[in-house]
Structures are given as structure tokens and as C-alpha cells.
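Enquirer: Dumping what TrEMBL says about this protein:
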ACT_SITE  B:D256  active site, proton donor
BINDING   B:G168, B:S194, B:R195, B:A196, B:I197, B:T198, B:S199, B:T203, B:S264, B:K288  AMP binding site
DOMAIN    B:424-491  domain 'Pyrimidine nucleoside phosphorylase C-terminal'
There are 2 protein chains.
Amino acid sequence: MLFLKVRVLDIDLENLVLINSEDLKSSQYFPQDRVVVKFNDKEVIGVLYSSTSLINRGEVGLPKKLVKELNVKEGDVVTIRHADRPRSLGYIRKKMDGNKLKKEEIFAIIDEMVDGKLTNIEISAFVTSLYINGMDMDEIEAMTIRMAETGKMVDWETQIFDVHSIGGVPGNKYALLVVPIVASTGLKIPKTSSRAITSAAGTADVVEVLTRVDLTIEEIKRVVKETNGCMVWGGALELAPADDITINVERPLGIDPKPLLLSSVMAKKLAMGVNKLLIDIPTGYGAKVKSIKEASSLARNFIELSERLKIVTECAITYGGQPIGRAIGPALEAKEALLALEDYKQAPTSLVEKSISLAGILLEMGGVSPPGEGKYMAEDILAKGKAHDKFMEIIVAQGGKEVSSEEIEVGKYYTDIHSPIDGYVTRISNSGITRIAKEAGAPNDKKAGVYLNVKVGNKVEKGDVLYTIYSDSEERLKSAAKLARILYPVKVEGMLLQKISRF
Amino acid sequence: MLFLKVRVLDIDLENLVLINSEDLKSSQYFPQDRVVVKFNDKEVIGVLYSSTSLINRGEVGLPKKLVKELNVKEGDVVTIRHADRPRSLGYIRKKMDGNKLKKEEIFAIIDEMVDGKLTNIEISAFVTSLYINGMDMDEIEAMTIRMAETGKMVDWETQIFDVHSIGGVPGNKYALLVVPIVASTGLKIPKTSSRAITSAAGTADVVEVLTRVDLTIEEIKRVVKETNGCMVWGGALELAPADDITINVERPLGIDPKPLLLSSVMAKKLAMGVNKLLIDIPTGYGAKVKSIKEASSLARNFIELSERLKIVTECAITYGGQPIGRAIGPALEAKEALLALEDYKQAPTSLVEKSISLAGILLEMGGVSPPGEGKYMAEDILAKGKAHDKFMEIIVAQGGKEVSSEEIEVGKYYTDIHSPIDGYVTRISNSGITRIAKEAGAPNDKKAGVYLNVKVGNKVEKGDVLYTIYSDSEERLKSAAKLARILYPVKVEGMLLQKISRF
């Protein structure tokens, strides 16, 4: 056991425990040992590293996160000892061996993950095992429940509605229309969203162009009480923290094992106290889900899991083969959504059609519309400007101010990409458009992105503008334009696709 | 792209790229992004972190390892850009999906691993996939060859012999007898060993009690030229670096997937230029391999792989159900091995028997002994003191000096553990003995360890000394004695094992 004085480090290496190299040498510890740091009755887990110059002998450097969790201050003396081998390692092994895990075993894995007792190596082994060996619904149910229970849980005194898209299609700004339509009928819809994970703009990034999104749970409750809805960032609410931990491992691997896809969505909904949920499954070439068959299977899984969790869930399989609407990137998307709220006939039909369809299902689920009438009721709410008024109410309640679509600024540098030939737009690549928007600076540069002048099926002539790239940085714009020439994400072809000559 | 001035950090976080938080915020980078640091034509991969106080704006802190690889000095300006997504990720996915990998795909994985382009998350996913989905011999062959090729390769002008144990049994100091026996006949046996990974003493730790073990390849060649043998640490030779990388991931997971077990051993032998190899597979309760059947299967795999690599290999399945000899811990083991060389009749028979059996096989493989006579020839070499003389030659050539077993010091603090009852020793737990020796300080405290007074089958009386724990630290000795009472690794039972009473 070591006794060392705390020095607060402001480094973003969250589990760093930094001691002097001489102290390390004279101890029984090794670099990268997992250790428990203890102060009074509080304990945290960290990973040991050493340095001769960054830390003095007798001191331990701790990043702010650990300092906060331990409730220590500079100069306090903490003890350091070896962390026990996490007991859930045996259960991860069991899943590697292809066996079904018991509820208690899954609970142990999630608990130790949230307590910081598992390293990325171990979490990656767990995620990979789930990808290869899967889980049955009993296991997924247990994992979902524990993911929710190990974070904050929100209590409401009323029925709560929500809509969630599993993602994978750019420009998917439907929530900015659906939330105010639904909220305007009196149904409560506190929508939490993520920031962009791999996309050019998450819903939270788009809403943030217009108002604050980092609300506390208390603030959310106040906004929902005042307006029936909200559109906030879920990331700061400490809902289902195990979900964020596994996502950080899934992302670099480029995998999304079904048990985690299901539990990730449902744990957050369970924690948020949702009673009635609509899940949007964008489907098509270049989307996360490629076929209707695959989408149906996923929908059935969501519904079975939801029943076990006592959440009434419906799924909508929507077209995700090209971007939704024309705008991709935070400010461009906010502008387009706002335009749809102001005058929906001017907005892209794919966005309006999707939004009123989804809103309609929720209105029917909430009993405010007769079966089969929801979509028309939603369209009516949009057409009459009620959705626009509700949207502005919510924006203001969250701390923003009223704004018109015209007032929203986009990147001051832009460049047009032209069609090289006469023909038809045969395909728009979701991933290509996303990469170009990100290269231009989205989502960090909120004004960066892509605006599509054409959609699949449009006839174009040589020299017509296919799309425009925006950025606040001239350098990044150039870089994005260069990428656009390589990726060629909007494909134009003549009607004659191939000519076979005689030999 | 960022242009930053180098500051050399002496921290043991090997791939840290530390920049100021303000520089991070105003860039397109995020914490934990994988970046390429470039100086002149040299590039290294690192992981980005930020701090406000540990590094100034305009500077980048790099640990010594990266500084050395880049060949930069304090104040040099380097550029930083996003690292491309490693192309081998797709191949790791392919293995996750249960498919056979092509040679080029395996090469790409090993290359990117060695170049530092894969993080622990990705390496763990690869290792886990190998554990679950395995590899066929074509894949293992390709992996082994590439692991060897991506490190240093040693060239000899003569035939090279080697002996290797897959480990798992404590006190396995046979190499200190086998190497001099074999070398004394004129066969060349440059033995490389590891330090303890999970054990209380690796062969390199034991030899280091007597002489230097961190020799360069040039020094090894000189020693082998002078003496025909050597006993050195393989870790500093940069042989098959991918092996060390995967071991660092396997260890915390407690797994050793067969493709990696095979390639790990054979890649190092290939790199070391070995032509004729004997592999020791300790087998039994509490060893890595539990049954003769399992050992035979592993032996066949080693032989098949060796044939493809043009290495002549034989395997010896040896008894590993209890420690080899009586001494566990670097100094205790060195003392025991030396005693066996001085007067083998005084040494534990399990050590002598195993050593002359293994040496005998090598003598037969080398053609210096007729088939079936190797063991007797080896015993004769040991009995006549030729092995002792050769051992001292090697020790001196490696930079040590002649020493007798009596001169070797062991821990100045010790405590005896007594039998609680009359009875027979029915079991000695390999893992229990290892844990106690490590708790006492082994292998870092070279004088720490355990000396067994009894072996399985011995009759003992209540109060007899079962074993003695040694340490150079009174505190650690206490801690080890406490652990001994919990683990009870030497089991003594009466002949009456269970009494069934009438109900």
C-alpha cells in the first residue's frame, strides 16, 4: 500500500494515476497496474503510470474526474493498493465460450464496467463476444435493465411519449418537426438526443444552433411542464452510462452487435421513464439496415424487448437510401427544419412526409387521433402553424430566442459541385455526403455541411449544381472539395448505362 | 494539420501525444483521436490527450519512446494529423464473422499492430475472435512468419538447437541444466527466455541472479562462439514484437488462444534462427495443459507448424501437476539449479530427471548420442561435472563470475509453514505457491520465494515444516504468510479421506 499526497492534474486522461518513477520502482507495482485509490470511505479505480518530471516523489497526480469522485483536494493523503481482479472477467470468458449468462452475471459485468473496473481490453472482449456469440432475449432484458439502473432514473407523474431513430441516414432532422407536432396536442414528449457519433450532425447538434441543449433533469421537467416537449442532449444526464462506455468501444471497431443496439436504445428510454415509444428504422442501400427483411426482424426484437420492459413500442421502417431532405450539417439542418415549420410546402417533401408520418403514429398511440387519421392530423397541425408556435415555445423555454429560418447563418465559404454530364441522379451516397460534410468541419463547425440541389431521380444537365459545400474555414472547404472529387457521392448517369459492342 | 514544438516527457505512457487544451479546442481533433506525428520523413502513431497545465500552447509533449522513433529533440517542430483508419480493421471484422483470412490480410493485421496503428480495443477484438473462431494451419503459418519478419531476424552459419517450455508450472528451472549439458557436447544452444509474465520467476529472472541476461544479438553470438550456449533474456532483442503486443492483451483476459500460443513460440524461434527444437509441455492438474490428450493434440499442432517453417521439432509431455524441484523464486531456484550441477544426487529428483530427459532428446536430435541413449549420456555429463564447468563458462562469458550454490543469498526474513495434522501430502497447488511467492516479492525481489520441504506423496506429522517463505521485506513476508493461511496450497490429508455415518 502506498500513501501519497494528491496533486490535481487537469489532463483529460480520465483514469490516470500518475506517480513518481522512483516511488514506482521501490513499490511492488508496475506501469499499467489497475489500482484502487482510497480517501476516507471513497474509492476509485485507476491505471498506474509513472514519470520523473511531471510528478514529485510522495505525490500522486489525479485527473479532475477522479478528484471529484474521491472528494479530495490538493495535498490530501490518499492510499493506493492493487485492485482485485474484476469478478466479471469470468463471466466475459463464459460468453466468449458461447454460453448463456445468468442475470446476476450480466449485472456484475455492467456494474464493474460502470465502476471503472474493466479496461478497454476487457470491454472490447465483451463487445466482440456479443458480436460473435450474441445473446438471447433473457440476457438482453437483464442487460438493458441493469444499464438503466446503474445510471440516473427519471420519474414522471404522467404518461411519456418518445420517438427514436436508430440512425444511419444523414439529414435526419425529423425530430424538430415531430416533437412540436406531438407536444401541441398535449402529449408529453421529452426528446433526448445524442450529438453526432459518426454522423455530420446529431439532433442535439442541430437543436443547439437554436437554443441550449445541455439541460439538467430539473430543467427538462420544467420545460416539459411549460410546453409538453423538449429537445435536449441526453449525454449530460448520466442515463445508462454503460451504454456510452460500450459505444466508445464499438465505434472504433465499426460494429454494433444486436444485443447492444437493442439495450442501448431501450436502457436510455427506460431510464428516461418513457411509456410509449416509436422507433424509426431507416432502411435502404447505404443505411445501417439494408433490407426490409432485416428491418422487420429488428423491429420484432425491439417490440419483444419493450414488452418485457413494459414500454409500448411501435416501429416505423422508413426509406433511408439517400439523405432526408436536402441539408446536412447542424446550421443547414436547423434552417431547413425551421423552413418546414414556417411553410411546409416550401420544404423538401421527404422531410415533411417522414415527419408527419412518424408524428401521426404517435398521435394515434396517444389516442388523440383516431386510427388511420394521425398523419392527416399531423399535417394539419404543421400547416396551421401550430407546430411552429410550439417549436418556438420550446426553444425559448430551453433558453433560446425566436428566430426565422432566414436568420440562420451558414458557412461563409462555399463551393458548388457541378454535374459532369447530362443524365439522371441514380444514387446519393449517405456515407460519401457525411464524409464531405465532416471534412468541411461538421459538426464542430456548426455552419459547415452540404446542401443537396438534387435528389435521386432528378434529371440534370451538364454543369448543373449537384450540391454546395459550406464551411467557416477556407482550408477545410478546399479539403472537402478535394474529397468530393474523389468520392463522387452524387452519381449522374445517362439512360444508356452500358454499351455492348460486337467483338 | 497542427504544427507544434516538441517537449520531451519522461512518462511511461508510451503512445501519449499531449497538447494544450486550448490548442485542442481550436482544432478539429478530439481527445483520444489517433494521430500521426511527423518529423522529416519519420512518422509515428499516437493517441491525443490534452491538458492546460502540463503543456503550453504551441507545444506537444511526447514520451521518450516516440521521441526516439521520430529522432526529434526538444524544440523541434513536428506536424500532427489524423491517422487513417487502419485497413486491417476490415480483416479483424472478417475473422469476427468466422471467415478464413488470406495471407495478405494476416500480414496487414500484424504489420499495423507492430506499427502502433491498432489500439488495445482493436487488438483485444482480434485476440477474442481468435479465441472464439480459431485459425487453420495456413493462417497460423502466415501469422507466425509475419510475426518473425516484422522484428529482428538472427542469422547463424551453423545448426542451432533450442528447448522451450510452454510454462504453467512453478520452479521450472530445467534450462539451467539442459543448456550446459547440450552445449558441452558441441551442439549450439543459444537459449532465450522471458522474464516472469504471471509466474514468480521466469528463466531470465533466475539466470540474472548469477550473471547479465540483457545481452545484444552481437554479444549472444560472441558467447555462443566461445561456449556453444547462452541463457539470455529475449525481451530486449526485438524478436517478433507482435508477440509481446498480443501477450499484453491476452494476460488481463486470462486467455491464450491456440493460434497465438503456437505462433508466439514459433515466431520467436524462427526469428532466432533455430533449426532443431524441443518443446516441453508440462501437463497435469493445475498446469496450463490438464490432460495427456490435450497435450498430444497441442504437440501435433506444434509439429505440423514446425514442418511448414522448416524447423525440426519434437515435443516432450512432462509432469506438471506440482512444482518442479523444491525452490520457487529467482535466487532460490538459481541456488537449487547450481546445487544440481555441483552434486546432482543432492538435488531434487524431479528437477534432475526432467532435465536429463529433455537434454537426452536434444543429444539424440543432434546425433551426438545414439537413439535411446541420450538420457544416460546427459546424466553422465551431469555426473562428471562437465555440465557444471560449461555452466560456469557461460555465466562468465555473459559477464558474471563463478559462484557456488552456498554463496547465493536468499531472503533474510523467512517463516515456516507447518502441517496442521498427521497425514500425507495429497496435492501442491501450482497457482497457490506462485501467488504466495509473488506476495513475498518475487520476481522483483530476487531473494523472495518459497522452498518446499515436502512433495506430493510425502508422509508428514503434525508440526512438520511443509514449506518456508522467504522475503527481503518483513512486511511482505507477513502478507505472504497471511495469504498462505488463506490458500493452504500444500494439502495434507489422513488416509481416511471421508467418513460416512449412519443416519
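FYI, residue positions are counted from 1 along the chain as it appears here.
Here the Cβ of each residue, glycine as well, is placed from N, Cα and C on the backbone.
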Enquirer: Need the DSSP three-state call for B:S264 (AMP binding site) to compare against my parser.
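Expert: DSSP call for B:S264 (AMP binding site): helix.
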Enquirer: Where does B:I197 (AMP binding site) sit in the DSSP three-state scheme?
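Expert: Going by the DSSP assignment, B:I197 (AMP binding site) belongs to neither helix nor strand, so it counts as coil.
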Enquirer: Cα-Cα separation of B:S264 (AMP binding site) and B:D256 (active site, proton donor), in Å?
Expert: 10
Enquirer: Check each residue in the chain of B:D256 (active site, proton donor) that is at least six apart in sequence and keep those whose C-beta is under 8 Å from its C-beta; list them in sequence order.
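Expert: Expected: B:E250, B:K288.
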Enquirer: With DSSP assignments reduced to helix, strand and coil, which class does B:D256 (active site, proton donor) get?
Expert: coil
Enquirer: Would you mind listing, in sequence order, the residues at least six apart from B:I197 (AMP binding site) in the same chain with a Cβ closer than 8 Å to its Cβ?
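Expert: For B:I197 (AMP binding site), the qualifying residues are B:G167, B:I247, B:R251.
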Enquirer: Taking only the residues the record lists as binding AMP, namely B:G168, B:S194, B:R195, B:A196, B:I197, B:T198, B:S199, B:T203, B:S264, B:K288, what is the largest Cα to Cα distance between any two of them, in Å to the nearest whole number?
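Expert: Per the listed residues, the maximum Cα distance equals 18 Å.
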Enquirer: Which residue counts does DSSP give the domain 'Pyrimidine nucleoside phosphorylase C-terminal' (B:424-491) for helix, strand and coil?
Expert: 24 helix, 20 strand, 24 coil
Enquirer: Non-local Cβ contacts of B:G168 (AMP binding site) (under 8 Å, 6 or more apart, same chain)?
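Expert: When sequence neighbours closer than 6 are ignored, B:G168 (AMP binding site) has B:P282, B:A287, B:K288, B:V289, B:G320, B:N430 within Cβ distance under 8 Å.
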Enquirer: Could you pull the average pLDDT for the domain 'Pyrimidine nucleoside phosphorylase C-terminal' (B:424-491)?
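Expert: Result for the domain 'Pyrimidine nucleoside phosphorylase C-terminal' (B:424-491): average pLDDT 94.
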